[in-house]
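Working notes, structure below.
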């Protein structure tokens, strides 16, 4: 089944390498075992990566979408944290997928170029591994690579090592040194490519959370995995992988420089350089118009110890001393009108006032209009 899936891809890889070698021999490289076959592997990388350019930009957009949606995704995960009932799990899945649709991305879009390159990588690995058997006639041809072509490819050298040599099984020192150099180059380019993508071109908000921790783990995990597995790769595969990483570094450098992710360090540098170029050309950058929000009326502070009783009467002067202060603060009572004492008669009755007429008969003094009110008030 594995041969059935990779068979057509191996055939396509063989034809691309053969076509690149044919072009190189027509521009001055020699036929037979030569450095042209090493460059044909580089040509294979260039052809494949040109085909994958649309997918690369789709990967960039998907990666940025994943970065920008991290705060919202973390809020959804926090909302359903600790809830394991079916309804909560269904709601979590539904809201997460709605968030992916909102940002126009999905968790597998950023991995699509890598997934498409993996079959090509394994196909090239199998083609280079089968070169000795094809050259010896133990295996049939793969596309245009027959016995004579396989012998030329197998015996082509780089740094004194053949393309089919493997570090683990190589006998000569040159092969081990060449394989070690290429393994180090492959791991270093993998590290810097991943670091360039995850650290420099990510906003600060996306550098936190579970996904950021996973990316940091991948940043250090990939080089370790490639260092361990690289000792089993043929020299030709190491050339392919190192060239692929170099292409990725250049492509990402261009993308980060021209189209940095919003909120990232790369975007800040891009804006500073653009502003410097505009100033050098005499272009005054337009400052964004800041519209201040309308302010409401300022609320006056209120005294908490305000006396809510009746209003105090005005005092004639400034009170001095404790006694005067108490007298000034206390409400004044209305004055009580003085009543003249009536003389008692012989029967003990009261007389209202002095006699107003002749005779000794006492007469009651009529009350004035103000006295009734005062008496009623008292």
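Every residue, even glycine, has its Cβ placed from backbone N, Cα and C.
Annotation source TrEMBL lists compositional bias 'Basic and acidic residues' at 272-281.
Residues annotated as compositional bias 'Low complexity' in TrEMBL: 283-294.
According to TrEMBL, the domain 'Membrane insertase YidC/Oxa/ALB C-terminal' annotation covers 37-256.
Residues or ranges marked as region 'Disordered' in TrEMBL: 272-378.
Annotation source TrEMBL lists transmembrane segment at 12-29 (among others).
According to TrEMBL, the feature transmembrane segment maps to 35-57 (among others).
The annotation transmembrane segment is assigned in TrEMBL to 177-197 (among others). Long-range contacts of the transmembrane segment (177-197) within its own chain (CB-CB distance under 8 A, at least 6 residues past either end) are made by residues 63, 158-161, 165-167, 170, 215, 218-220, 222-223, 226-227, 230-231, 233, 235, 238-239, 241-242, 245-246, 248-249, 252-253, 256.
Residues annotated as transmembrane segment in TrEMBL: 217-241 (among others). Nonlocal intrachain contacts for the transmembrane segment (217-241), taken as residues 6+ away from its ends with a CB within less than 8 angstroms of a stretch CB, comprise 38, 41-42, 44-45, 121, 124-125, 128-129, 158, 161-168, 175, 178-179, 182-183, 185-188, 190-191, 194-195, 198-199.
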*Looking only at the domain 'Membrane insertase YidC/Oxa/ALB C-terminal' (37-256), report the model's average pLDDT.*
83
*Using DSSP, how many residues of the compositional bias 'Basic and acidic residues' (272-281) fall into helix, strand and coil, respectively?*
9 helix, 0 strand, 1 coil
